[in-house]
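Have a look at the structure below before the remarks.
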């Protein structure tokens, strides 16, 4: 187990390096360059403009820039934001916990609802509840996630005014309840795809588990149906489910960009989107690399959790 | 041809029941039922309005347009209330309360609150509340004493003397002295620091401090000096002494000034909080706190105004003209209106036919600017004829804008040697040496019309302009790019195509306009600096004239003499149409009716008088 | 109780070759792709028949919806009451009326007409991008699965790398820098969408090539290319068709997301995503401008997913009983 973990960790390093280099290469595509806006500033003299370019390292050979950037990256230095004049790490750190909060809340909501709907549906396949969840799931999977967010916003924030329309905290807020109120709509939005997909998956694997000998044995012994469900069927259904869930992690990053934009959530997605508008390349690169790290980590955790849940798997 | 009143609105023309002689008049008359469809078409033809445009007009005035009732649901044809022009500070009736928290909304997060490197209006909105300069502009464009109580200018216009206010302290307890001004000058001119704006400061040769007397000496007579140097935000010397990195980064996130409000916190993408500074040198601020919520889009802003989550927007966060109708429907919010210093225009790259004065004049005639103002912006902008805002002393009130007149446009194009080709697109010889004489190869008149993507106002305008230009044989296609790309070295300005592009310049409080037009401001390469981009490939055919005028305007300190020069500049600009001047969009601050002392204007940023703001009991 | 011995195999040790999720071509649409054990191992023959019939009905309904949408898009010139970019500046954001059944948008363009024209690009992007990713997926998957060895190792590392990329971040950066066109959106969506199909095909090839009929073909000297095309491909055709169908839906959603953020298909071109982007400034006050294109897109994706599911059922050898 330990060896496997180490091996997977080591395997992730070239992956991350590759992602970093590719990120850098993509940044070199810029025609306007980060200085385009400065050049159109009417108070900027040619000398100042040249000075700024010098400071940004614009004009140096690409491989030199790459070497400097990678070197700094390894030391945890992501550079300085072009627009906020402070370290990228600080800028991202302001947003990162908020995104983690949103993603965690989304995952939790998805888990709870998927397990609930999935197992309930599995109790009576093709029963009314199964049909209903199946129908709703199909819709959940077919909807553009941001559109679902817009619809929730119109309904709950504008028409019913039950929940705040945007932001993460009230003016004097920051308490758990306040943040939770602001969290409901974006977290539900980001989770909708997973709720839909996972609940179908939980239903399938529960059904499958219910067909197993040990479940029949348990039933034969007179174990109550609820206990059969939770203790036997569900536990085994969870194993493949972890894998499926881990695949959705990139989906949550994608979702973060869209959902945070819709709900003005102060996270990495919105940071990324805002930086895109002003061509803040250091911030964009930082976000890209961090995003890749999250995906690789997510996959790693899924691998490990999979092993923990299913003792039959041998790690070579 | 009847002239359209400056800033006049389609609605107001309804009052006169005479013969409608403008496009708007016609449309309005049709809507009012005063003339028939056929009559509209006939009169339009008389007015020289091309068939496609008449088509638009007819459609616009057909029975289903303009919110004719459908299925019992009528669109309100007249709004319950209108925006209120700002004439002074808001003054609700009742008893002002002492203290309280005001929640403001703004559209974009400031880049930094560091006063010497920030570039955004939103940053300036905060800085005016946190910092003071020696002097400060008020909403009547008048300089008021701040950290200096008096000032004098020597007769030769080179030496400025300020009497400093005594007993002023910064938010961190440091006393304010003349040395702070000297240090500001040094850091602003420090190349390594890279200040955003060195204008004015770069003319300073010496600053001498003698107790409460500060003497600034300049090397040349520079008329715009007063609108730059004395209004620069001043910071404690101790902050500068911490080094450039700290002064840029930490100070930008936690600024210290002498202003009425003290910085408290900045939660990225969420809110910025300032609170009353008890040792403020002026009238003590009435509010305890101002919380500014960073709400990134117009929509959310409107919703939050409606729900009361925010109580004020203005300046960098003000509503755009296109959103005003929706805002007016919100109960319990007053929508204010004031002019801005932004001039919406279409730049015309001086290549091929666009080098010919007659062609540029023709394009001006063929641009339905007044229609755009009246119909698209619902009268929420003021027509412009050149680059000085009406209401400013430098504005020339004697120039009439060109009317929308396709016949005159066609005539001018014909005079320039452009005739319709087989496909109906005009073609002719491009000028080679003399910009006004076509003697080169034969080209079709194809023009690219650009706008910055995401700007729905200019997008709409461009569609209308393209439709009109196309109708007289100028093949016009609309393009857009994001703001970085469009101004980048691969942007439209540096291609060899004929282009027009719709965007705004924003003037400062001094009318100096050398930056826009002088040959010294033509960039020498695509990523160079300078504002005179239309002349990148070919200088203006009136370049020498405008160079001389703009230089003289900057070297003249007597206002009446300067005004005469600016009047002349505006005449030249209107005659030559280096760019098509369109309008000055109004700004629409919104404020809850229980807030007093709020006084926004074109000349000030949001918190310029934050100490006077108050809530009602 | 049914004691079907052909119980679905346990997931393989490596999560990413788990057969249960092998048909997942991208980051969305998981649930629709997961095999339905209830369908395969039903409680009884009646339920089996009912289940399959119901899904067949859905698939046919989906097909009908899609065909109608395609027809409307193709003949939009004839059907739409207004031109796709016909700007009516005098009735901007007009409410629903007999002249404008769905109202007008922020430029006074007829919403219904834009919906009809919008289908063209949205569907085109979905199909074209799916075609590109299918070709790439087949190519990489077949080569890796058939030849194995270092080639397989390298290609699979590359797949890992591509999967580790936060694709949306990258696409947004590229499009914001380089600008975008319908072509570039198609290309990039295709280029970032082939990895799952490659894995499926690789997995199938790996197991198939050990089978006797392949061994036999090799023994008699059939060239590799011929083995791949004549013997192996027909066996994975079903998986490819199903995955491609579902990729169309996924790409349509991706196009909408990019366009919604303003970095997809250029804004003048009507697509459902662009219409949603246009509505961003006004959806809270004019909800219909956001509801109409979003709902249309959802229905289109739903229909395609139903068709994909139907195809999977139809191809499923175990379900043929």
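Note that Cβ sites are derived from N, Cα and C of the backbone, with glycine treated the same way.
Annotation comment: TrEMBL describes C:58-80 (among others) as transmembrane segment.
Residues or ranges marked as domain 'ABC transmembrane type-1' by TrEMBL: C:119-308.
What TrEMBL records for C:121-146 (among others) is transmembrane segment.
Annotation source TrEMBL lists transmembrane segment at C:158-177 (among others).
Residues 16-17, 22-26, 124-125, 128-138, 140-142, 144-145, 155, 159, 162-163, 165, 167, 170-171, 174-175, 236, 239-240, 243-244, 247, 250-251, 254-255, 258, 264-265 of the same chain sit 6 or more residues outside the transmembrane segment (C:183-201) yet have a Cβ under 8 Å from a Cβ within it. According to TrEMBL, the transmembrane segment annotation covers C:183-201 (among others).
Residues or ranges marked as transmembrane segment in TrEMBL: C:236-263 (among others).
TrEMBL lists C:283-308 (among others) with the feature transmembrane segment.
Tertiary neighbourhood of the transmembrane segment (C:158-177): same-chain residues 27, 140, 184-185, 188-189, 192, 195, 198-199, 257-258, 261, 263-264, selected by CB-CB distance under 8 Å and a gap of 6+ residues from either end. Outside the transmembrane segment (C:236-263), and at least 6 residues removed from its termini, the chain residues within Cβ reach (under 8 Å) are 22-23, 25-29, 32-33, 122-123, 125-127, 129-131, 133-134, 137-138, 168, 171-172, 175-176, 180, 185, 189-190, 193, 196-197, 200-201, 204-205, 208, 271-274, 276-277, 280, 297, 300-301, 304-305, 307-308, 311-312, 315-316. Long-range contacts of the transmembrane segment (C:58-80) within the same chain: residues 110, 112-113, 116-117, 119-120, 123, 299-300, 302-307, 309-311, 313, each at least 6 residues beyond the stretch ends and with a Cβ under 8 Å from a Cβ of the stretch. Long-range contacts of the transmembrane segment (C:283-308) within the same chain, counting only residues at least 6 positions beyond its ends with a Cβ under 8 Å from a Cβ of the stretch, are 29, 32-33, 55, 58-59, 61-63, 65-66, 69, 93, 96, 102-103, 105-106, 111, 114-115, 118-119, 122-123, 126, 242, 245-246, 248-249, 252-253, 256, 272-273, 275-276. For the transmembrane segment (C:121-146), same-chain residues at least 6 beyond its ends with a Cβ under 8 Å from one of its own Cβ atoms are 25, 69-70, 73, 152, 155-156, 158-159, 182, 185-187, 189-206, 209, 224, 227-228, 232-233, 240, 243-245, 247-252, 254-256, 265, 269-273, 297, 300, 304.
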